[in-house]
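Features of the protein shown, as given by Swiss-Prot:
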- Asp264, Asp275, Glu438: Mn(2+) 2 binding site (BINDING)
- Asp275, Glu398, Glu438: Mn(2+) 1 binding site (BINDING)
Amino acid sequence: MTTTAARMDFETTLKGKYPAKRHAQRVADYIRNKMPGASGVLYLEGRATKLLEDNDEAEPFRQRRYFYYLTGCPLADCHYMYDLDADKSTLFIPPIDPDSVIWSGLPVSVDEAKQRWDVDDVKYTSDVNATLAHVGSSKPKGSSVFALANQVSDKVTFLEFDNKNFSILKEAIEVTRVVKDEYELAIMAKANEISSDGHKMVMQKVKHVQNERELEAVFLGHCIAKGARNQAYHSIVASGRAAATLHYVPNNADMAGKLNLLLDAGGEWDCYASDITRTFPINGKFTKESREIYDIVLKMQNECIAALKEGVLWDDVHLLAHKIAIDGLLQIGILQGDKDEILESRTSVAFFPHGLGHYLGMDTHDTGGNPNYADKDTMFRYLRVRGRLPAGSVITVEPGIYFCNFIIEPFLKDPKHSKYINADVLEKYWDVGGVRIEDNLVITKDGTYNLTTAPKDPEEMEKIIQQS
């Protein structure tokens, strides 16, 4: 069963605080489960202000995800400590710098920080070492400080702790991040709402522009206007045959004479990503060949979404997508021969070379997927999630079929594969470029609900474009 996030009252949820304390407790529980009797503190640092290497401008700031997960704090130059034994969290914020106030205004105060973020105490970063020393000296013998490797400032000392563990904290946060709580899902619903509307706006403009970069500007402008200033990743705005390049970067080609546009773009809300792809006809009407491919990909997505629920093996769903792709490509004549033999030969990888999807959260390719990029089976090598899906996880479902010369030509030259590909029929489809459809799904006990509301029905998209 699939429902849509439009029915989620996420705005009410977002009026509360980001549940940082509960995240810290979950991470602590994981560590204690791995290390019974663990005593000590978790210690993290947010991202520091950093200038570009050859001038006095600051680099664009993005908070460290591990730090944000335990604090909800987007400020630069902050530190954090969580006392495992006392269940007490402390956020350290930069003290007031009078010289900085002249240029940037007053920073967040201690009292404001206490009101804004879900932490038990707030101090200045000038108190970090003294606080660590005080807490460490009160701990029993064998206490530990748990921190992230290569993310501890030289000026910070852990002298009062007997042990320093730089491995398990990263593992603990990455595992606990897989299952989202209600607040995290509300953030992602917000990001999806803004981004879905942005995709629709691009559909409305696609007939009226000449270059891909103009459509990138439409999407970015909409996100910024709605408060989503950061993008989860570099947008892919690929027209014509460029859509066969999975992570197309330039976004600056003229679109005259091309059939379709593939838009893979997602805004970010409070450090959480959306990741949405739509493919639609530039002139408002799919060609016969484009519509055939689109219908195959839409069927791949719909049937894979219908197969999802808690405990489903993601590898099996990816395999299902390939089976549907093979059936569709056989029906239109691009593939020929026995479908089971085609599946066994992995010839369908020529047209669907990537994994079906990935976990989504603070990172676009979020933690916990356990991929195996050394897999000798080419069908599964780029599958970013391996294993069973837990309820509360968010995963993208993004099947695609692509006509990329660089990928397909070696298959045409290999007798093992070429016997299953009708090159004469294939010739009619190169200009389709590539079709991908991507939604963001929350896994539930009995099914899913879809955070993504961007139009994907082919007739609806054609109507939006034609009436714009």
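Glycine too: its Cβ is placed from the backbone N, Cα and C atoms.
Around Glu398 (Mn(2+) 1 binding site), the same-chain residues six or more apart in sequence whose CB sits under 8 Å from its CB are Asp275, Thr277, Gln301, Leu356, Gly357, Arg436, Ile437, Glu438, Asp439, listed in sequence order.
Asp264 (Mn(2+) 2 binding site) counts 24 other C-beta atoms within 10 Å of its own C-beta, drawing on all protein chains shown. Ranking the binding-site residues Asp275, Glu438 by C-beta neighbours within 10 Å puts Asp275 at the top.
Residues Asp264, Gly266, Ile276, Thr277, Gly357, Thr396, Val397, Arg436, Ile437, Asp439, Asn440 surround the recorded Mn(2+) 1 site, their Cβ atoms falling within 8 Å of the Cβ centroid of Asp275, Glu398, Glu438, which are themselves excluded. The Mn(2+) 2 site is defined by Asp264, Asp275, Glu438, and by the 8 Å test on Cβ atoms against their centroid, the other residues of the chain that qualify are Ile236, Ala265, Gly266, Ile276, Thr277, Thr396, Glu398, Arg436.
According to DSSP, Asp275 (Mn(2+) 2 binding site) sits in a coil region rather than a helix or strand.
Glu398 (Mn(2+) 1 binding site) carries neither a helix nor a strand DSSP state and counts as coil.
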